[in-house]
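Enquirer: Take this structure first; my questions come after.
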Amino acid sequence: MNPLSHRPFVKMNGLGNEILVLDLRADPVEVPPAAARALARPSVLPFDQAMVLYPPRRADTAAFVRILNNDGSLSAACGNGTRCIAALEAERTGTPHVLFESEAGLLDCTVRPDGQVKVDMGAPRLGWRDIPLAHDVGDTASVLVPGFENLGPAVMVSMGNPHAIFFVPDADAMDVEGLGAALEHHPLFPERANISFASLTAPDRILLHVWERGAGRTRACGTAACATGVAAVRTGRTGRAVTVTLPGGPLEIEWRESDGHVLMTGPVEHEFAGTLTPAMLGEAA
Ligand SMILES: N[C@H](CCC[C@H](N)C(=O)O)C(=O)O
């Protein structure tokens, strides 16, 4: 029998970014890529990312978090998903402050009385090897992507996962699916990339559309919003605190001067809970 059968799950979303939560701390098992893909089928539990909780590797953290895209690939970071698991953990423990660890580092979360969740997403990585890019491009804040020079220069930022941000006159008018799918797999990105199209709508407001690595177009992407806030500062477009509005709604982003960390604040929505079955995992009962 599949070791994931009969495990509880919680379905949530962060501004419409579809999140599946699997708390495996009590009895850890691997979640193979094929299981993620089986669960993410439209007829089963369509999600963008799965947040899988494992026993903590540090005494001061609540869990070690692994993140799977719906194509089964791993991501080191997921902003919307982090807000979701922080809200669940705060509800479970009765304390509004939660510390998680992921491949990207520590995630210091605070659940506010109004239900909004603030996460310290850590510092961005800006060097070409850290994004990563396939070679040294010089200034990662202004990169013409071969074959896509007509889009103008992209800003490259990692939040633990790779992001390419294109500032354009009207992000609503962009062919997000066509351009996103092509750019995600561009040879400049050895680990693929999340592709964002951003437009300033006010001195401190940015409109954002995202094609996500390993998940496609989503209604919101927290790490892309963080990366875009950093990109806007790096290119002199905004100050360090902005509102990033995605199709699913707004996130408050601050690239804090004192320690270089990026803070993201936004809502979460609890949808339903259930138990995984062999059929959901793509196996005969
Ligand atoms: N939706 C997520 C991003 C998942 C990142 C994943 N698409 C990748 O980098 O592979 C977020 O809210 O940050």
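Glycine residues also receive a Cβ, built from the backbone N, Cα and C atoms like all the rest.
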Enquirer: Looking at the substrate binding annotation from TrEMBL, with ASN17, GLN49, ASN69, GLY79, ASN80, ASN194, GLU212, ARG213, GLY222, THR223 already listed, which candidate in ASN150, ASN161 is the matching residue?
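Expert: So, going by the record in TrEMBL, that would be ASN161.
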Enquirer: Which residues, in sequence order, are found in the same chain with Cβ within 8 Å of the centroid defined by the Cβ atoms of ASN17, GLN49, ASN69, GLY79, ASN80, ASN161, ASN194, GLU212, ARG213, GLY222, THR223 at the substrate site, excluding those residues themselves?
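Expert: Once ASN17, GLN49, ASN69, GLY79, ASN80, ASN161, ASN194, GLU212, ARG213, GLY222, THR223 are set aside, the remaining close residues are ASP48, SER75, ALA77, CYS78, GLY81, VAL210, ALA215, THR218, CYS221, ALA224.
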Enquirer: Measuring Cα to Cα, how many Å separate ASN194 (substrate binding site) from CYS221 (active site, proton acceptor)?
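Expert: About 9 Å separate the Cα atoms of these two residues.
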